[in-house]
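Reviewing the structure listed below.
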Amino acid sequence: MQETPDCFDFSKLSLEEIANLLQRFSVRLTPEEALTIQNSLLKRPPTYAECILWSIQGSEHCSYKSSRKHLNQFNTKAPHVILGPKEDAGIVAVATDKKNRRYGIVVSHESHNHPSQLVPYEGAATGVGGNVRDVSCMGAEVVAVADSLRFGDINRSKTKWIHQGVVQGIAGYANPLGIPNIAGDTYYDEAYNDNCLVTVVTLGVVREDHIIHSYAPANAEDYQFILVGKPTDNSGFGGAAFASANLSEEQQEQNKGAIQEPNAFLQRHILKANYAMFEFLREKNLIDRVGFKDLGAGGIACASVELAEASGYGAEVNLDLVPTSMNNLLPAVVLCSETQERFMWVVPKDLVDTFLTHYNKRFALPEICDGAQATVVGSIRTDGLYVVTAQGKEIVRARAEDITKGILYDRPHTPKQNMQSEPKAILVNDFNNELLKLLAHENIASRAPIYENYDKQVQGRSVVEPGWADAGLIAPFNEGKYPEEIRRTGVALSVDHNPRYNKIDAYWGAVNAVVESVRNIVAVGAWPLALTDCLCFGNPEQPEQMGEFVASVRGIVDACNAVKMYDDHTVSLPIISGNVSLYNESAQGAIPPSPIISCVGAIHDYAKAITYDFKQANSVLIMVGARKDECGGSIYYQLHQHLGRQLPQPDLAAFTKEIMAVHTAIQAGVVLSAHDISEGGIAVALAEMSFKNNIGVNVFIPGELSEDKKLFSESGGFILEVSPEKLNTLAQIFISYSVPFQSIGETTANPALEINSVINLSVSAAKSAWENGLVERLI
């Protein structure tokens with residue numbers, strides 16, 4: 001291993017020489033950034049540790065240097081938003097007790113893409129671990145996770161290897177933690193062959209006055225930093241910078257060192273210790289005297305500097321005090337390694353012994369894992385400087401504000417032209433066979449081979465599991481420690497994005513992701529309260545790829561602004577958390593625009609939630625949302641090797657009225673089951689509703705479209721099952737919202753799918769294709 005210099009003097013080097021020097025020492029800065037650090041920020045040659053620190057803290061992953069300008073368009077505020085996207089997780093109020101105290105759902109949404117492509121199990125597992133820590137450090141109890149996965153061509157053996165490792169990694173971490181997985185979505189597309197996407201959503205619960213913030217409190221002059229958890233090693237060193245660069249096949253082995261190593265059982269123990277500490281702090285009215293942060297990207301450096309700078313302070317860290325599990329680690333590695341299962345507290349001196357005793361004695365961290373402990377590693381500075389020492393030498397001295405701000409960019413961007421075309425009319429000779437092929441398609445077939453790996457009922461809060469409805473649903477307050485008046489509150493979660501839509505048009509692809517995530521929440525009986533987003537894109541240095549990002553953000557903004565709160569139509573749907581993952585690109589090209597959208601909703605009484613399976617024969621079937629010539633990006637077109645041009649383009653004004661009407665009808669007890677119309681169109685939606693209870697349908701869908709487009713167009717909408725005696729009530733509700741609907745048929749005791757006189761298929765045959773489709777492709 002080559003010896004690293006104490007500092008770099010870039011002043012007399014050409015840009016090419018600077019680039020070569022940075023590459024030789026694996027510092028992920030551009031030559032221009034290196035010169036800015038030396039000439040403008042430090043006004044002296046930077047040390048090796050400072051270069052590493054800026055490469056991480058100034059990375060896309062941490063500083064959002066290419067995206068921040070555009071993210072500022074998001075609406076992040078609303079009366080029910082307790083905390084927007086400025087700390088480790090966002091918080092939205094979902095219940096209020098008789099004392100007028102609000103209870104929040106804490107939400108974090110993160111990606112772990114590059115690591116999961118190279119080392120699938122560890123990459124996915126540590127993605128879950130970091131996301132869970134983000135929620136825990138807000139003072140919350142973690143109650144659920146969800147996953148959104150994008151894999152390459154399912155026919156490739158490497159895709160199957162990555163798929164298996166990722167799913168096992170998510171299960172191998174969340175299951176031992178005792179956290180249920182309640183929702184998710186998965187797509188397979190050749191565009192993800194070299195860049196899989198693994199995004200995780202985590203939910204927690206906390207009372208508003210019990211929130212612990214990710215910053216030092218006011219008057220923190222005598223505060224100290226306490227590092228809690230696993231001893232530091234070299235795993236994950238430079239992980240944030242690695243996640244902010246293109247994947248290179250030539251550097252795969254080197255990059256594996258930037259991937260962390262998971263220990264779920266240690267994290268479970270630390271979470272238990274954290275919960276006990278939260279309780280102590282609440283009992284002693286000390287919540288406002290501490291700050292708490294997960295150690296994720298950038299490790300000790302980023303946690304300490306962010307805890308301090310967010311309150312206008314600086315910090316001093318002594319790396320000689322940091323427990324390590326490896327000898328002769330470089331100080332920069334100790335400072336910036338992303339070793340897992342670690343947290344950092346900032347606490348007043350008079351509480352230090354209490355914290356050390358709590359973790360080291362009461363919860364005996366050193367006995368749980370060799371080298372694990374809680375220890376003081378530094379203190380707050382009042383001069384705004386961030387200073388790091390190692391072996392008696394200063395290796396970092398800079399303004400904390402300069403470090404956390406990063407170096408921002410206003411990237412040039414150009415709109416991408418839609419060059420796709422619509423195919424000629426497709427001749428379908430056998431609609432039964434066409435439906436069977438759709439149901440067996442890897443992007444429609446049952447996801448049971450994925451979610452059956454996950455624990456879905458642990459904690460006893462799950463009300464609606466994956467596979468039962470369009471969204472998962474939990475009862476987060478259904479135990480004695482919460483006030484009786486909020487115990488029946490339900491919280492729904494969905495995750496959505498369609499890569500094929502985004503191949504055609506980034507703006508409408510993003511609109512559809514928001515709209516479908518909202519529709520899924522409404523279909524289970526809840527109302528959408530907030531969104532989170534994981535924006536996964538290609539290279540921002542390419543104007544057309546940056547243009548896709550800009551268009552996608554605009555689509556999210558427009559869709560969110562269209563969705564209003566059910567009880568206050570002046571308030572739009574806010575975004576409270578998320579992250580940006582750029583440089584998802586390899587030599588084979590960039591991924592399609594991938595705005596992964598998660599929606600959180602609430603229902604006052606979880607007993608009123610509904611699932612999408614038909615409940616009885618002789619019900620009336622209602623279609624909400626007209627069938628349109630919008631097969632672009634559909635699975636139907638994919639079966640015939642087409643992408644198309646005319647993807648679904650929702651009428652946002654009409655959409656808001658539709659979800660209001662559907663939600664009102666469900667809450668009135670008028671709707672027996674509900675399902676959104678999405679992948680595969682209305683024919684697939686009807687089939688999926690029939691499977692659980694073996695109930696058939698007799699349906700006729702009117703209109704001027706060709707039969708294939710009526711049945712398989714993915715124009716959004718709902719299918720509602722309604723008892724005949726409730727039909728008039730439903731009609732009155734829909735008329736009051738000026739929302740059109742159509743009665744298209746009925747459920748039948750005969751277990752057959754009879755649709756438009758062109759489909760006559762047994763439910764059992766359709767179900768077999770759907771249940772076995774993904775299983776058989778993964779063999």
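Glycine is treated like the rest: Cβ placed from N, Cα and C.
Note: TrEMBL annotation is automatic and uncurated.
Annotated features, as they stand in TrEMBL:
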| type | residues | note |
| --- | --- | --- |
| BINDING | Tyr64, Asp533, Gly578 | ATP binding site |
| BINDING | Glu110, Asn579 | Mg(2+) 1 binding site |
| BINDING | Asp134, Asp294 | Mg(2+) 2 binding site |
| DOMAIN | 25-65 | domain 'Phosphoribosylformylglycinamidine synthase linker' |
| DOMAIN | 87-206 | domain 'PurM-like N-terminal' |
| DOMAIN | 227-357 | domain 'PurM-like C-terminal' |
| DOMAIN | 488-602 | domain 'PurM-like N-terminal' |
| DOMAIN | 617-754 | domain 'PurM-like C-terminal' |
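In sequence order, Ser67, Leu71, Phe74, Pro85, His109, Thr532, Cys534, Leu535, Ile575, Ser577, Asn579, Val580 are the same-chain residues whose CB sits within 8 A of the CB centroid of Tyr64, Asp533, Gly578, the residues recorded for ATP being left out.
Note: the CA-CA distance between Asp294 (Mg(2+) 2 binding site) and Gly578 (ATP binding site) rounds to 16 Å. Using a Cβ-Cβ cut-off under 8 Å and counting only residues 6 or more beyond its ends in the same chain, the domain 'Phosphoribosylformylglycinamidine synthase linker' (25-65) has close neighbours at 2, 4-11, 15-16, 18-19, 71, 238, 240-245, 254, 297-298, 301-302, 305, 330-332, 335-336, 388, 395-396, 398-399, 402-409, 540, 579-583.
In the three-state DSSP scheme, Asp134 (Mg(2+) 2 binding site) falls into the helix class. Those residues noted as binding ATP (Tyr64, Asp533, Gly578) have their most widely separated CA atoms at a distance of 14 Å. In this structure, the C-alpha atom of Gly578 (ATP binding site) lies 6 angstrom from that of Glu110 (Mg(2+) 1 binding site). Residue pair Asp533 (ATP binding site) / Asn579 (Mg(2+) 1 binding site) shows a Cα separation of 7 Å.
In the three-state DSSP scheme, Tyr64 (ATP binding site) is classed as coil.
When the binding-site residues Glu110, Asp134, Asn579 are ranked by how far their Cα is from the Cα of Tyr64 (ATP binding site), Asn579 comes first.
The average pLDDT the prediction assigns to the domain 'PurM-like N-terminal' (488-602) is 97. Comparing Asn579 (Mg(2+) 1 binding site) with Asp134 (Mg(2+) 2 binding site), their Cα atoms are 12 Å apart once rounded. For Gly578 (ATP binding site), the number of other Cβ atoms no farther than 10 Å from its own Cβ, over all displayed protein chains, is 27.
Proximity of Glu110 (Mg(2+) 1 binding site) to non-local residues of its own chain (separation of 6 or more, Cβ distance below 8 Å) is seen for Gly127, Gly130, Asn131, Asp134, Thr199, Val200, Cys534, Asn579, given in sequence order. Each of the binding-site residues Asp134, Asp294, Asp533 was scored by other CB atoms within 10 A of its CB, and the lowest score goes to Asp294.
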